[in-house]
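Asker: Let me begin by handing over the structure; questions about it come next.
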Amino acid sequence: MVGFTEIGLAAAMGALATIAGAFEDAESDVGSQSNPNSQVQLAPQMMNFHRYFNKAISGEPVSYMLYGAIAGTVTWVMMTKFGLPFLAAAAVGVGVNALIHMVFATTAHLGRMASAAEFGHPIYLDVVLSHLGPIAGFGGIATFAIVSLAYIQWALLKHPFPLPLLAALWGVTVGAIGSSTGDVHYGAERLYQHYPFGGGVPVAAHGNITRKAETGIRNSMDSVYFCAKFGNPLTGLCFGLVVFFSTWAGLFGQWGAVIAMGLVTLGCLIVSNRVEKKARESYGTYEDVEMDEICDPV
């Protein structure tokens with residue numbers, strides 16, 4: 001019989017996964033990482049200079065596998081070799097990883113921006129300094145949640161894999177979900193806001209990203225402010241539901257998990273349909289426009 005302890009662990013893992021997914025996507029938005037990054041990288045070649053932070057050397061799954069492995073390894077060493085409790089050990093592991101994270105972010109951004117010097121693009125040092133804090137902060141929260149997930153599996157559920165390996169695997173998973181779920185709202189929704197609603201991103205517009213903010217010139221902090229309203233929570237919800245319902249298979253059997261996931265999927269489809277219909281009724285259908293009718297993003 002399933003007890004309250006097992007249900008509590010499943011709920012805790014789902015909550016931690018939700019936090020990890022939301023803040024992982026927020027961190028990638030601050031740093032212009034993963035799919036939309038190609039548009040930020042292409043912009044200087046199209047003579048569209050910008051103030052976005054641009055740090056993607058690898059995709060989110062690979063980078064968060066590294067961050068999870070680093071934080072998980074340091075946490076495991078602090079617990080097994082120095083006898084620290086989990087929270088203290090995790091704080092040390094996340095702190096060490098945050099320092100490495102900022103080093104990688106800095107070198108990646110400076111390297112990419114330096115490569116754009118051929119097109120006359122400058123390096124804005126204030127952009128580097130102002131974005132490193134949120135990158136380390138959001139990444140630290142996501143990494144702490146990842147390590148906590150791994151700890152629950154390793155220490156409480158007695159998973160045969162060691163904690164560092166579990167943290168690395170969770171890092172790959174949350175990075176993949178953040179890349180596939182959250183990037184839409186940073187890419188087509190935010191980088192191309194000066195184009196008509198619902199038109200997508202035509203090939204001819206690649207690199208012609210939005211550079212004006214509500215006030216002044218846009219940077220990546222504006223992007224995460226926008227994505228925190230919908231894209232980040234949606235990513236967290238996606239990862240949280242995946243983890244939560246995957247634990248249901250062990251708690252309530254295969255069919256219990258299938259039925260629960262089916263009901264949630266049906267509910268999401270209904271909500272998505274209602275939201276899209278309301279958006280179309282509010283903003284109208286997409287109409288073709290001439291390029292000279294589109295506002296200048298400079």
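Note that Cβ sites are derived from N, Cα and C of the backbone, with glycine treated the same way.
These came from Swiss-Prot, pasted as-is:
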- 3-23: transmembrane segment (TRANSMEM)
- 59-79: transmembrane segment (TRANSMEM)
- 84-104: transmembrane segment (TRANSMEM)
- 132-152: transmembrane segment (TRANSMEM)
- 160-180: transmembrane segment (TRANSMEM)
- 230-250: transmembrane segment (TRANSMEM)
- 251-271: transmembrane segment (TRANSMEM)
Asker: Does the transmembrane segment (3-23) come near the transmembrane segment (84-104), with 3+ Cβ pairs under 8 Å (pairs 6 or more apart)?
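Answerer: These two segments do not touch.
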Asker: With Cβ distances under 8 Å as the criterion, find the stretch in 132-152, 160-180, 230-250, 251-271 that has the most pairs with the transmembrane segment (84-104).
Answerer: 132-152
Asker: Please work out which recorded stretch in 132-152, 160-180, 251-271 has the most C-beta pairs separated by under 8 angstroms from the transmembrane segment (59-79)?
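Answerer: Answer is 160-180, with the largest number of Cβ pairs below 8 Å.
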Asker: By a Cβ-Cβ criterion of under 8 Å, what residues six or more beyond either terminus of the transmembrane segment (251-271) are in contact with it?
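Answerer: Same-chain contacts beyond the ends: 2, 6-7, 10, 241, 245.
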